DNA sequence: CGGGGCTGACTGAATATTCAGTCACCAATG
DNA sequence: CATTGGTGACTGAATATTCAGTCAGCCCCG
């Protein structure tokens, strides 16, 4: 009987704060991700951030979860049934401005994990989840005869590393590395199809 | 007749500052990379940092170049003659504590490039250099018959993305993704050897 | 009229940056 | 040789600035 879809000011505001944080991160980078910069992207006041979150760290922890969830959505929205579709969802052919900003934000948060244990834990879970998903897809492809029998773990790790690497390179260089990388992965997977 | 190997206080000091910055970054992360933390890793005084560099940003820009040069050295030190050796140099089998710290530092600097144009420019050049190197190695392998004829650009991009992705995942998760990724790449390259 | 959502002005601590001055060393000069 | 002046490396203390976090109180809706 609880009103789930009612106008929940609190949740709406928190969601708006997440979006503001996202914009501030995307445009300014982690180095300048200040409470003030977040507030500037937010329609309401800086003080309100402290009404909804204890500290800046609190806010950022929640934001990291939010960002990771958003990334996972790229897999659900398209229904991904095969390894090729997984790759296609993560290294899409078309240039998408919004997604470019998203990758910039994601990469910067992820790099923090190199020195922050809490972040690292989150990204470890994220990495395992994606890896497991990929392993299942590969196994299903092999069973269905869409893929030659291969070392599933090794292939999953290569694909995941390639996807993450393409994202890193895309976010941190001026060259568009996505199309060529994608073509290479396609050829690689094609060569692994059932033509023993 | 100019003394090239003379004791050059200035250059020695600047090198010491680079090393101190490296240690501060590796241990504290970009978020806590303060002038004070750098000074703590440095045997001389904090003021001296400002004697040798205009601002913190100045220092960091020089540091980025230094770090990138250091990374390139991994290729020169081992003499890399084939694609396989390139991969081996970038995804080495043995666990190396020092190199782990180096990767952590490198990834954190690189992520900054997502929002800082100066950093981005540096990493664009870095990426192109590595890509060119890889292209030449692949072409040489094909000519020598060590590799089947393939789309050189596509293969180079896949390998580079995989290497960068392995580094990112290694630096930001608790799982050691290197061995499995490396095995996968080895299998991939093996399947591309001259057995048409 | 009471309480939740919200604000602007403010504060203290952290941090970057400056600066006056020390010290070792060198070169020229009487 | 002894003195003088000059210079570059360096320091400690002071200053300027940024930034997370606080607080007293407003507004509006039930």
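Quick reminder: no glycine exception, Cβ is built from N, Cα and C everywhere.
Not measured: the values here are computed from a predicted model.
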Segment assigned the feature DNA-binding region in TrEMBL (from B:14-33, B:34-53): B:34-53
Residues in the domain 'HTH tetR-type' (B:11-71) grouped by DSSP into helix, strand and remaining coil: 50 helix, 0 strand, 11 coil
